[in-house]
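Please read the structure below before turning to the comments.
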Amino acid sequence: MMRWPWSSDSSDGPKPARHWNESLNKTDWEHYKEPRNWVPTAIATTTILAAVQFYRSYLRRIPGTNYIHPGFFRRRSLFGRVTSVGDGDNFHLFHTPGGRLAGWSWLRSIPTERKALKGKTIPVRIAGVDAPEAAHFGREAQPFSAEALEFLKSYILGRDVRTYIYRRDQYERVVGTVWVRRWLLRKDVGLEMIKRGLATVYDAKIGAEFGGLEEKYRAAEAKAKLKKLGMWGAKGKFESPRDYKNRHAATSESKLS
């Protein structure tokens, strides 16, 4: 039977009415199958998450010892400006993550006043060395304690240093090997003090940290002794910083007993 162009199929009949918002709530999954529709979003999300993680790990400033994550020790280093030197083997560091590339010293200022620095620096104990003890708590100063302090000030105060951190000590200081750039060379601060006879190799029975440099430190100490440099050339009976501390600790215990 011939079908007229304007005729309709017998199956064509009234269509069931659709709810007005059916098409609004329907998810077009075909849209998400197209890479061009979801790849940019995935890349943007991944980039943002990576940037946040990078900032938290490498660019977030650490204002004090208590803010250092335990996982950082023996894995990370701290870069910053030395703001004060309190003794022959310790100082305070203002953490400047990223250095000049992150804007420090030209876009972001580093405080210099003591009041502005309060609670914002990290105390650092130089690993592997022991400098002569200065006078404090009513105790006499050791020979060459003033020279050791003066050398450390002239060598690192106001300079940027990198500290490879190992642990936190009983005084809430960070123990680490400290490096400073002098002209075009990077110098191990502790090693330079030993070479000049201004510090001994750290000889405590527990808590000694060397970062794999103990042999190098002891060789440098032997040379300084042989040349009678610094404290090794002093007259009279030699008392190491460790022996000095042990003597005063024994005296304090005897007074309490």
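Glycine residues also receive a Cβ, built from the backbone N, Cα and C atoms like all the rest.
Predicted, not measured: the structure shown is a model, and the values here were computed from it.
The transmembrane segment annotation in Swiss-Prot covers 39-55. The domain 'TNase-like' annotation in Swiss-Prot covers 76-234, and the record cites sequence analysis as its basis. According to Swiss-Prot, the active site annotation covers Arg125, Glu133, Arg173. Swiss-Prot lists Asp130 with the feature Ca(2+) binding site. Look at Swiss-Prot and you will find 236-246 tagged as compositional bias 'Basic and acidic residues'. The feature region 'Disordered' is assigned by Swiss-Prot to 236-257.
Here the features listed in Swiss-Prot are placed on the structure.
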residue: Arg125; record: active site; contacts (Cβ under 8 Å, 6+ apart): Asp89, Asn90, Asp169, Tyr171, Arg173, Val174, Val175, Gly176
residue: Asp130; record: Ca(2+) binding site; contacts (Cβ under 8 Å, 6+ apart): Asp89, Ala199, Thr200, Val201, Tyr202, Asp203, Ser240, Pro241, Arg242
residue: Glu133; record: active site; contacts (Cβ under 8 Å, 6+ apart): Arg139, Ala141, Gln142, Ser145, Pro241, Tyr244, Lys245
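If you look at the compositional bias 'Basic and acidic residues' (236-246), the same-chain residues 6 or more away from its ends with a CB under 8 A from one of its CBs are 130-133, 142, 199-200, 202-204.
Across all of the domain 'TNase-like' (76-234), the predicted model scores a mean pLDDT of 96.
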